[in-house]
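Undergrad: This is the structure, below, for whatever I ask next.
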Amino acid sequence: MASQVVILARTKTLIRALNSSKSISTFTFLSQEPQLAEASLPDPQPSPLPPNPATGSPLYNENWRNAAPNNPSLAQTLVPLGFLNQTPASRLHALSTTLDVQSMMNLFADWMTQQRWPDMQQLFEHWIRSLDKNGKPNKPDVNLYNHYLRANLMIGARAADLLDLVAQMEEFAITPNTASFNFVLKAMCRDRETEAAEKLLERMLEAGNESLPDFESYNLVVEMFFETDQIDAALKYIDMILKSGYMLSINIFHLCVRRCVNQGRLDTLVSVIEKCKTMDQNKALIPSWPMCNDIADAAMLADNSKLAFYALEFMARWIGRCETARPPLMLSVEEGMVVSALATAGRTYNSTLLDASWAILRRSLRQKKDPNPESYLGKIYALASLGNLQRAFSTMHEFETAHGNSKEAEDLFSPFTSLYPLVVACSKKGFETLDSVYYQLEILSRGDPPYKSVAALNCIILGCANIWDLDRAYQTFDAISSSFGLTPDIHSYNCLMCAFGRLKKTFEASRVFEHLVSKGVKPNAMTYTLLVDAHLINRDAKAALSVIDEMITAGFNPSKETLKKVRRRCIREMDYESNDKVDSLARKFKIRMGTETRRDMMFNIQYATEYPS
């Protein structure tokens, strides 16, 4: 019984302890103890829904992209109380006391995108006067100080002010690097301070590895020198850029090309292009398409074959680049420019330019048409100048295939005009070259397929006439029909007449004229001109005038050169009647003969073996 009383007493003590314990939660309404509801309280209202965006809620009227909301109450929940009521200077001063170097870098990176240059300047100046968390003055590093220099540059600070700021870096135990000096160079380039920029660049070269000029430094200075027309100084620093292995900017390359072309410094431009082509980082540089045309024009005008070749190479790269573009753009080189390039190759004896010109012409035509006759003649001239007669006659074969049946074929294949460079090349070494060409044509005539050309044989005949070899000329003329099975044309007869006329065989030349007329071959203007020359060589002005009359009757007009030759012979033979007839012909055809005072002075000189006493 006593034990039951003890157990009951302990149970009551435990119940009192449990009733007196506190709840885990600090909120009264979460208590697990039951409570009676008060009758005087009203029924609780249901919680409202969020505001509808279309009903004009103040939160939705604000632009959510705006970093500074217009609602003051909302702003006070995001920034400290009273911060927006401060002045900008006070706000920056307050902000400077809470930032370290990394925070300043991040903030400046954000402000640079917003171009808040004055704020960057003022914040930095407040920050360096403030103390860090350890109570020591804030100390910037070189990168943070460069942001400060950039801000001053963008505000419009003078180069002298920026130099002073760079000098103040020593107070913070900071060594200026290349970027620091580049900001000063930008200010100097903006103000066109060429001498100061050149001295600063020399100072950077002497300073050491930390501040050695980079490609941006050189490009800034070179661009300033080009814009101030100091070509020599700009070219000096371009050479330093290339020797240092830096990349030349496309803008500097264009300026260099433009200034060198305008100033006539073509050899210098060739040197720069050659150095760029040897460097991996610069070999992709290419002028614009219009600039390539300007380079080619200037190079051909000055007979600079290397620069002309580089201009055509740039054009070929443009053509290839535009053909692979999407959508493709079909660029083409003007055929007239190619003809000029071929002529330049012939004058400068440059086979590389010749091959490049013909290749880019073929690529521009895209096999849609044959080159014009002028292009073929230009290539023949260039090959003849180079002495490559085999390729020259091969090109003439292509020329005959493409334009042999045109209406202008008679003039195109005349050995006296269009093919005369080939005639000169055939007779350059006398009969040795002429015989070699003739034997080559004989071999080709027996080939498969055979190549037989009257125009090629006419060049050999006229070449024999040029070296006064009448026998070879006549044998070649006879071989046209006997060996090659071809029919002589008017140019063949003209070449034979020229050979007779040069050796004063006027009678034989007249016989050739009568023979071709009897064969039904129609004479041309060159036929009558050659017959006139044959009579003038024999000092027979009256016979020459009679041939001119026949020439006029046949429908051809005498040239100014022919009338001047006849007049000269009339004066020297004192045939004034014939001279008057020449003057009447000149007036009839409205030809201004001019005077020959200097020729007459040379003709009237009296030579004597005795010296005047």
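Here the Cβ of each residue, glycine as well, is placed from N, Cα and C on the backbone.
Just so you know, TrEMBL annotations are computer predictions that nobody has curated.
Among the features that TrEMBL reports, region 'Disordered' is placed at 35-61. The compositional bias 'Pro residues' annotation in TrEMBL covers 43-53. Taken from TrEMBL, the feature repeat 'PPR' covers 177-211, 489-523, 524-558.
Quick one: how deep are these features, and who are their neighbours?
TA: With a threshold of 8 Å between CB atoms, the same-chain residues lying at least 6 positions outside the repeat 'PPR' (177-211) that come near it are 142, 145-146, 149-150, 152-153, 157-159, 162-163, 166, 169, 217-218, 220-221, 223-225, 227-228, 230, 233, 237.
With a cut-off of 8 Å between Cβ atoms, the residues of this chain six or more beyond the repeat 'PPR' (489-523) that come close are 410, 413-416, 454-455, 457-458, 461-462, 464-465, 468-470, 473-474, 477, 480, 530-531, 533-535, 537-538, 540, 554.
Within the repeat 'PPR' (524-558), the DSSP-based counts of helix, strand and coil residues read 26 helix, 0 strand, 9 coil.
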Undergrad: Summarise the repeat 'PPR' (177-211) as counts of helix, strand and coil residues per DSSP.
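TA: Split into helix, strand and coil, the repeat 'PPR' (177-211) gives 30 helix, 0 strand, 5 coil.
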Undergrad: Return the average pLDDT for the repeat 'PPR' (177-211) as a whole number.
TA: 88
